[in-house]
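What follows is one structure encoded as structure tokens, with my remarks underneath.
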């Protein structure tokens, strides 16, 4: 051990001269060790990402005839509640009138949140954008939803109007398979 | 103290043989004879109590894991089976569940003792910092454990707390999905929470070893707060065993009485009734509250109107404790000799309890009566929201403004040269009057 220390001092000046071959070997070995560490760590980290069977549950179909006018049906999609709401003409009128309201935190028109020709149906993820509670149907100051956890008010278009939630209720990717069926996801 | 010499003399042949190969008996014997300031009061007994709490949680936890099933369809029923069918399962689970609360009662008193007597100051910074790490790990472990019974509070507590991570700009969403193992809290989440809940207590145990190591190196603080001069060591110190093992033992008995009152008479008093309803991802309980020991931090989270800001404030409230040794500018350790600081400390205690109280209330509910005053920015002035904000402000001001400032400005009382002096000359009367 002592010999090798002496040897190191011989070839490598402590004042810091040019890097020599031994320095290069040290740096290269260190870099290889770090690289190997990352390669070992990655599968251990990545295993926590959604598994294939979880991702396979990505889409569902829903029969819209199950929803009565003025009501909503809550379905489970990817473990989250999804509200499918059949809005009354009065509710539709109100949300369209509010399209340019000044209290919209995330301004969106109702048309941007629905599919053309199917405006009476609203499909949103039923998780409050604040901390994920399920908002209560038909409550709150705007005729939409009210989140009991921290008091966020949504209108009948699922837009945040009052309270701590920062964003509108999320509209998931969905399409109309026919006039009475939607495919969510 | 580090310089204390080993007094262990191996007696039997086996001990002598072992002593030259693995001096583990010497290590234990030396630790038990650690010179300890003779004026330690009962606030110093919580270290031993906490060690007992950790062992209780680990032992009962290992036993519970033999009967628990970490699966969304089976978890709730397996806990009920523990309560009804497993021999003595009700006792083991109630000890484990209430043990968490007892653990936090003891850790809060232990930390407040350190705060009052300046146990975090040089040369004991590392003891304090490792202690903060332990506290943080305890919070994480308790949260993970609360999710496991898979009741309504378990599920929605997990939902709300993991959503906090989603508040991080840009990276929040991918991290959230990674942490949950899917787009929502589900089986993957429960399974990994169980794994981590089993792991973290052993991480705590490792930190406890470091905590005791650092304590051994720097030596115990004491209520007078002075470093004991070397020439006084013989007069002012006693070996840890039997003097303080007996004192700790007595405190442990008192603590276990309190523990037993909860386990046998009020086992659910500290829990929430909603957690006896199986988790339902489609329905949120009307009022989500965390366990009592998280309430002050939950209150701080809600005090900030911005979602990410709230998360930063909540973690900041714990983070500020780590730098405490460098925020306190006073050279005097014990607040016995810092009357001004002591007043602010008492206010801090009231604020801490107040934050806990606020955390359990609805933010919009009025504090006094049921009348409205006037709306200030985003809430009525007579609401828990604003009371929480005032308390939160004091919490941070105490560490970031009051502590550095008072240390520079105050005039501390005369500090005794030895820990015997106040007792022998009656100067302790100063404390009685003050």
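All residue numbers here begin at 1 and follow the chain in the order shown.
Glycine too: its Cβ is placed from the backbone N, Cα and C atoms.
TrEMBL annotations:
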- B:96, B:197: heme b b562 binding site (BINDING)
- B:110, B:211: heme b b566 binding site (BINDING)
- B:216: ubiquinone binding site (BINDING)
- B:14-224: domain 'Cytochrome b/b6 N-terminal region profile' (DOMAIN)
- B:230-417: domain 'Cytochrome b/b6 C-terminal region profile' (DOMAIN)
- B:42-69: transmembrane segment (TRANSMEM)
- B:90-111: transmembrane segment (TRANSMEM)
- B:126-148: transmembrane segment (TRANSMEM)
- B:160-179: transmembrane segment (TRANSMEM)
- B:199-219: transmembrane segment (TRANSMEM)
- B:240-265: transmembrane segment (TRANSMEM)
- B:308-327: transmembrane segment (TRANSMEM)
- B:339-363: transmembrane segment (TRANSMEM)
- B:383-406: transmembrane segment (TRANSMEM)
Cα-Cα, whole number of Å: residue B:110 (heme b b566 binding site) versus residue B:197 (heme b b562 binding site)?
23
Over the domain 'Cytochrome b/b6 C-terminal region profile' (B:230-417), work out the mean pLDDT and round it to an integer.
92
Long-range same-chain neighbours of residue B:96 (heme b b562 binding site), Cβ under 8 Å, sequence gap at least 6?
B:56, B:57, B:60, B:61, B:64
For the transmembrane segment (B:383-406): best-contacting stretch of B:160-179, B:240-265, B:339-363, by Cβ pairs under 8 Å:
B:339-363
I'd like the Cβ neighbour count for residue B:211 (heme b b566 binding site), meaning other Cβ atoms within 10 Å of its Cβ, all protein chains included.
21
For residue B:197 (heme b b562 binding site), what is the tally of other C-beta atoms lying within 10 angstroms of its C-beta?
21
Any idea which of the binding-site residues B:110, B:216 has the thinnest Cβ neighbourhood at 10 Å?
B:216
Do the transmembrane segment (B:126-148) and the transmembrane segment (B:240-265) come together with 3 or more C-beta pairs under 8 Å, pairs six or more apart in sequence?
no
Rounded to the nearest Å, what's the C-alpha distance separating residue B:211 (heme b b566 binding site) and residue B:197 (heme b b562 binding site)? Just drop the number here, would you?
21
Among B:199-219, B:240-265, B:308-327, stretch most in contact with the transmembrane segment (B:42-69) (C-beta, under 8 angstroms):
B:240-265
Sequence-remote contacts (6 or more beyond its ends) of the transmembrane segment (B:339-363), Cβ cut-off under 8 Å?
112, 115-116, 287, 289-290, 292, 294-300, 302, 330, 379, 383-385, 387-388, 391-392, 394-395, 398, 402-403, 406-407, 410, 413, 434
What's the CA-CA gap between residue B:197 (heme b b562 binding site) and residue B:216 (ubiquinone binding site) in angstrom, rounded?
29
